[in-house]
Amino acid sequence: MALKITGKAEGQLQLHLITKQKQFAVPDVPYSIRANVSTKELNVLVNTLLKDAGNAEAGKVEFDFLLNGEFPLGQHLKERDVSFEDTVELEYVERYPAPEPQDCLLHDDWVSAVEARDNWILTGCYDNTLNLWTTKGKHKLTIPGHIAPVKGVTWISLDEEKGVFASASQDQTVMLWEWNVAANSVECVQVCKGHERGVDCIAANGSKTKMATGSWDTMLKIWSTDVRSGGGDSEPSTSKRQKLDQGSARTPLMTLAGHRECISGVQWIDDNTLVTSSWDHTIKIWDLALNGIKSEISGNKSFFDLSYSKLNGLIITASPDKNLRLYDPKSNQGTLVKNTYLGHTQWVQSVRWSTTNEYLFVSGAYDNHVKLWDYRSPKAPIFELIGHEDKVLACDWSNPRFILSGGSDNSVRVFKSKIAIGGEK
């Protein structure tokens with residue numbers, strides 16, 4: 001894609017090349033280039049300058065180029081009008097390499113929840129079960145217990161001996177599970193009851209002491225993650241079946257009202273602050289110290305999911321109008337959409353930020369596609385992750401090495417991310 005130059009003169013353009021990645025910096029002097037220069041030609045220019053400077057990375061790295069903070073030169077993007085009289089400042093960044101398909105984890109029913117932790121993948125399904133897999137694709141456990149589809153899963157803790165995780169279901173309960181890694185056995189140690197309709201989303205806080213759930217009953221509830229008795233459950237931990245039969249239950253630490261329709265997504269900003277999305281067209285930020293709503297962002301469409309990034313402080317949302325939207329909760333103009341991302345052709349069901357790259361997020365939609373985005377490129381995703389044969393219901397990027405997605409084709413697709421923590425290959 002070429003820069004479009006407006007003005008009487010044609011032919012040459014004065015360009016300053018800048019980068020925030022100091023290891024790839026070139027001399028800060030104006031360069032004279034053709035007005036219709038392409039991304040490929042700019043890559044040759046930058047790599048030639050790096051080679052002339054004796055940079056060992058010269059020729060090994062491909063770059064993308066940004067004008068006014070957005071990618072103007074990539075495929076599918078519209079041309080920008082640039083005045084010939086101006087010296088153009090063009091930022092270049094290392095191009096994110098394409099994720100590679102690694103595995104397809106086949107389940108017995110729709111996969112509606114997925115979350116990775118270290119080398120393990122936890123999934124929740126419409127056949128009411130949870131499943132544990134290794135990131136190499138080996139199935140370890142099928143876990144029955146719920147009596148309706150599982151809509152959310154979250155890891156609480158994991159070490160070499162024991163794992164603790166929770167699941168949220170349309171059966172109105174949240175179950176807290178303890179997994180003996182060596183014996184590969186799992187036990188439901190707490191059943192959390194209090195919601196009056198199906199539970200649609202769940203998330204644990206950063207210190208893993210509490211978890212939050214959102215439901216079709218419009219309520220946000222906060223629970224203890226302590227596997228021991230307490231939080232409303234005074235009975236010693238027994239087997240899952242005994243607990244269900246006897247009706248013993250952990251009660252919530254807190255119930256917060258404010259939404260008018262289903263709470264579709266919940267994330268912790270810090271241990272005292274949460275953000276939720278809802279079908280009622282609002283995003284609400286909650287302060288647990290105040291026991292209520294701190295602020296609110298209103299949209300004109302239902303929100304099916306949201307993701308909050310601790311790296312950049314921004315919120316990305318998924319909606320049924322096929323679009324993703326970016327919000328800054330700290331902005332005085334927080335109700336205004338900072339950007340809208342176009343590319344899906346059906347409802348967008350799920351969205352997740354990268355936990356190690358402040359610019360990247362993934363989305364999954366009813367068009368069977370998972371897309372990888374750079375928030376500086378709103379007109380098109382940087383990659384499409386192909387594989388699902390039916391609707392994508394959930395996606396996850398908790399482990400920076402793997403992008404995961406679950407769908408109504410009964411599968412979890414595993415894509416290996418080339419760049420992990422700190423640019424590690």
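From the backbone N, Cα and C atoms, a Cβ is placed for every residue, glycine too.
Residues annotated as region 'Ubiquitin-like (UBL) domain' in Swiss-Prot, with sequence analysis given as evidence: 13-94. Restricting the average to the region 'Ubiquitin-like (UBL) domain' (13-94) gives a pLDDT of 79.
According to Swiss-Prot, the repeat 'WD 1' annotation covers 106-143. Note: the repeat 'WD 1' (106-143) comprises 0 helix, 24 strand, 14 coil (DSSP; helix = H, G, I, strand = E, B).
Annotation comment: Swiss-Prot describes 145-187 as repeat 'WD 2'. For the repeat 'WD 2' (145-187), the list of distant contacts is 110, 112-115, 117-118, 120, 122-130, 132, 193, 195-204, 208, 211, 213, 215, 223, 225, 227, 237, 239-240, 244, 249-250, 398: same-chain residues at least six beyond its ends, Cβ to Cβ under 8 Å.
Residues or ranges marked as repeat 'WD 3' in Swiss-Prot: 194-233.
Swiss-Prot lists 227-247 with the feature region 'Disordered'.
Within its own chain, the repeat 'WD 4' (258-296) has Cβ neighbours under 8 Å at 200-207, 209-210, 212-216, 218-220, 222, 302-308, 310, 315, 317, 327, 329, 334, counting only residues six or more beyond its boundaries. According to Swiss-Prot, the feature repeat 'WD 4' maps to 258-296.
Residues or ranges marked as repeat 'WD 5' in Swiss-Prot: 298-337. For the repeat 'WD 5' (298-337), the list of distant contacts is 201, 261, 264-265, 267-269, 275-283, 285, 344-359, 361, 363, 365, 373, 375: same-chain residues at least six beyond its ends, Cβ to Cβ under 8 Å.
Summarising the annotation, Swiss-Prot assigns repeat 'WD 6' to 343-383.
Sequence annotations record features per position, and here Swiss-Prot assigns repeat 'WD 7' to 387-425.
Sequence-remote contacts of a segment are chain residues at least 6 beyond its ends whose Cβ falls under 8 Å from one of its Cβ atoms, and for the repeat 'WD 7' (387-425) they are 96-118, 121, 123, 133, 135, 137, 155, 346, 349-357, 361-366, 368-370, 372. Taken through DSSP, the repeat 'WD 7' (387-425) splits into 3 helix, 17 strand, 19 coil.
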